[in-house]
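One structure is given below, encoded as structure tokens.
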Amino acid sequence: MKLIKNGKVLQNGELQQADILIDGKVIKQIAPAIEPSNGIDIIDAKGHFVSPGFVDVHVHLREPGGEYKETIETGTKAAARGGFTTVCPMPNTRPVPDSVEHFEALQKLIDDNAQVRVLPYASITTRQLGKELVDFPALVKEGAFAFTDDGVGVQTASMMYEGMIEAAKVNKAIVAHCEDNSLIYGGAMHEGKRSKELGIPGIPNICESVQIARDVLLAEAAGCHYHVCHVSTKESVRVIRDAKRAGIHVTAEVTPHHLLLTEDDIPGNNAIYKMNPPLRSTEDREALLEGLLDGTIDCIATDHAPHARDEKAQPMEKAPFGIVGSETAFPLLYTHFVKNGDWTLQQLVDYLTIKPCETFNLEYGTLKENGYADLTIIDLDSEQEIKGEDFLSKADNTPFIGYKVYGNPILTMVEGEVKFEGDK
């Protein structure tokens, strides 16, 4: 058994003194003071905040096929360092988890290497080519969390509609990277004033919002839970808000980088600022914040997307899309939204715990007696600088290097086992 002493937990929106007794994988007791018994392993929280473990429904672990960028081991170590106890990896690997054989192989890699709980997606279509549906019932039987072709949009309405019908039959969500290929126009960043200034091809807002508009109507017809990945535009927020008001089962996520940065933050032709969807306008960012606060957007997910340094050293036109985010999400959001009074600590924690779990009907995301001992101890008071050399991820492709932040996790526990502690 383990006993966390001298911690603080959120109760009714306020930090309250609490000890947490852990028996095996579950929390046995939460109380203001618990006397330790002989032989118990005591963890001194030293007055720090003890949060439910965070749940990230959108990461890229790259394995199999892209191990030079990230592995399941390094990606989940990075997640633990960031306070995440559950992550859901996208299927844009090689091979794609699009069959029982491929999914079983992926699950074995997870079982052998993961440092946190991993709930893998299966693809919607074979090899994510958008031409042939996978075997939904067989993949659910193997443990598919949900279905997505993330990394690309499903281009034909008929294929998406048929996929939604199959997903509804097995009571799983269709999770969509929304991007109409005919509207990308070879873009490498947001189509706006900054792309014009830099002379870099831009991706217009409608590239995303048009496909969301199509899909919410398909989801309504199919009776399917439809989840929108990394919303980035004001038009997308409007479409999702209207769909929810119409009673369509649509949910959505937003990334930390789209909440924190805009096209105006891009200093030049620097691929560290290249992600998909791209950093949008100030108006778009404001719409995302409004949508998150009013419930149009359900939760925050990182879209952790590691790449090798030489890949991101290329010009924006040639470099791959994506930035890492597992190790920086909470500190950045806490520093920029909670410490300045825009959000409460409870709001931020909910966006990373209860909200994603409610979105996908998961049994995690809370600290409660008889619940899983998934938690992270966070130092809310000490300032640290984000340094790439401190990352446990293989990659450090993020524009947030050098930022000074508060709210750094100092210990993370998954099902009662310590998976990250300080610099270990």
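Just so you know, glycine gets a Cβ as well, placed from its N, Cα and C.
Swiss-Prot annotations:
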BINDING   His58, His60, Asp150, Asp303  Zn(2+) 1 binding site
BINDING   His60, Leu61, Arg62, Asn92, Asn276, His307, Phe321, Gly322  substrate binding site
BINDING   Asp150, His177, His230  Zn(2+) 2 binding site
ACT_SITE  Asp303  active site
- Task: Measuring C-alpha to C-alpha, could you say which of the binding-site residues Asn92, His230, Asn276, His307, Phe321, Gly322 are within 10 Å of His58 (Zn(2+) 1 binding site)?
- Result: His230
- Note on the structure: One should report the C-alpha separation between His60 (Zn(2+) 1 binding site) and Asn92 (substrate binding site), rounded to whole angstrom, as 8
- Query: Using Cα coordinates, what distance in whole Å links Asn276 (substrate binding site) and Asp303 (Zn(2+) 1 binding site)?
  - Reply: 9
- Message: Can you give me the residues near the recorded Zn(2+) 2 site, meaning same chain, not Asp150, His177, His230 themselves, Cβ no more than 8 Å from the center of the site's Cβ atoms?
- Response: His58, Met90, Thr148, Gly151, Val175, Ala176, Cys178, Cys229, Asn276, Asp303
- Out of the binding-site residues His177, Phe321, Gly322, give me the one sitting nearest to Asp303 (Zn(2+) 1 binding site) by CA distance. Gly322
- Query: Which of the binding-site residues Arg62, Asn92, Asp150, His307, Phe321 has its Cα nearest to the Cα of His230 (Zn(2+) 2 binding site)?
  - Reply: Asp150
- Message: Taking 8 Å from the centroid of the Cβ atoms of His58, His60, Asp150, Asp303 as the cut-off, which other residues in that chain fall inside it around the Zn(2+) 1 site?
- Response: Val59, Met90, Gly151, His177, Cys229, His230, Ala301, Thr302, His304, Ala305
